[in-house]
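Q: Feature table excerpt (Swiss-Prot):
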type     : residues                                    : note
DOMAIN   : 1-159                                       : domain 'Obg'
DOMAIN   : 160-333                                     : domain 'OBG-type G'
BINDING  : 166-173, 191-195, 213-216, 283-286, 314-316 : GTP binding site
BINDING  : SER173, THR193                              : Mg(2+) binding site
REGION   : 363-382                                     : region 'Disordered'
COMPBIAS : 366-382                                     : compositional bias 'Acidic residues'
Amino acid sequence: MKFIDESLIRIEAGDGGNGCVSFRREKFIPKGGPDGGDGGDGGDVYLQADENLNTLIDYRFNKRFAAERGENGRSSDCTGRRGKDIILPVPVGTRAIDNDTKETLGDLTQHGQKMLVAKGGYHGLGNTRFKSSVNRAPRQKTMGTPGEKRDLLLELMLLADVGMLGLPNAGKSTFIRAVSAAKPKVADYPFTTLVPSLGVVKVDDSHSFVVADIPGLIEGAADGAGLGIRFLKHLERCRVLIHLVDIAPIDGSNPADNMAIIESELFQYSEKLSEKPRWLVFNKIDTMSDEEAEERAREIAEQLGWEEDYYFISAATGKNVSPLCRDIMDFIIANPREAETQQVAPEEVKFKWEDYHQERLAEHQFDDDEDWDDDWSEEDDEGIEFIYKP
């Protein structure tokens, strides 16, 4: 299945139904009171996280989603039916952004989490609502309000504990194949990895972590070179970054310069991301002796001013890979993920009595001269009358 991590869609909540102007007319009640019902509220649009999805491909071609409009009110005090909501399933880790204002509406980071992204319009009022002691035959109603409409940008950000950084052909995909059951493509040419991939690393029977592999970065990626930096967003939720460095590049380049390129591109993308914990791992030590690998790594670290620990591995042969995974697991256990902001559970949608309706009722509350009508019976002064028919 094609990996799609961005999609722009149009969402439209339902409009509110209009109120009804009606009067009770029966065989022996020729001049009954007002009985026009309210309209129904418009349907809402929700996003809901689904752990069974891993791509936004469902929204690649279907671009418009509209909730149902609320029905208009009817006579006999019948309230219009509320419009049906629509719930759009998205992968866990999806972020919703208003494309016009660039406002982030929220992140869906847990299975089943639901988020309101477009609110339906409020219902209009029927003429029964305008009945009073001085307005006994009201012929006023209100219209339903329009529902929210917006262009919504969906961004999928993979939820992983560990993110892999490095130039093309540094051995990131080979590393993931060595430590997990994931099988990303591996070849001897740059940009073999074209889309992000996830692998679950099982350290023991009770501990595991998720590692994310993204396409390699090159110099100028922040300006669009190579595959650009569009995939770096998948590392924003990682707890630690593994910077994989080819200790002996086949093109003869300086590994220290290669590391500086990655650091520069990372900083240009996001200062916050560049400040995440980052571990230095030298790969492909199977191409030389252990003594030569240690000496070369020490020289590279001195050139960079790297004062923290670093690791030597061979992803192809599996050498020193297990100790690295155990240290990563210990770090993850010692540094639990910060609690995600809890989304407030959506309340049950009920009929709203908002200022919109109150203001319109006030406009007609004391219009003695204009609204007086003798088309009423004495029973109408008792308020809203509900008629029950067998």
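Any Cβ shown, glycine's included, is placed from N, Cα and C.
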Q: Can you tell me the mean pLDDT for the domain 'OBG-type G' (160-333)?
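A: In the predicted model, the domain 'OBG-type G' (160-333) has a mean pLDDT of 80.
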Q: Just the number: how many Å between the Cα atoms of PRO215 (GTP binding site) and SER173 (Mg(2+) binding site)?
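A: Between the Cα atoms of PRO215 (GTP binding site) and SER173 (Mg(2+) binding site), the distance comes to 9 Å.
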Q: Let's check the environment of SER173 (Mg(2+) binding site): how many other CB atoms sit within 10 Å of its CB?
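A: Step by step: centre on the Cβ of SER173 (Mg(2+) binding site), count other Cβ atoms within 10 Å, giving 24.
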Q: Return the count of C-beta atoms lying within 10 angstroms of the C-beta of PRO215 (GTP binding site), excluding that atom itself.
A: 24
Q: Could you measure between SER173 (Mg(2+) binding site) and VAL195 (GTP binding site) for me? Cα positions, answer in whole angstrom.
A: 11
Q: Counting only other Cβ atoms and using a 10 Å cut-off, which of the binding-site residues ASN169, LYS172 scores lowest?
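A: The binding-site residues ASN169, LYS172 were compared, and ASN169 has the fewest Cβ atoms within 10 Å.
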Q: Can you tell me whether DSSP puts SER314 (GTP binding site) in helix, strand or coil?
A: strand
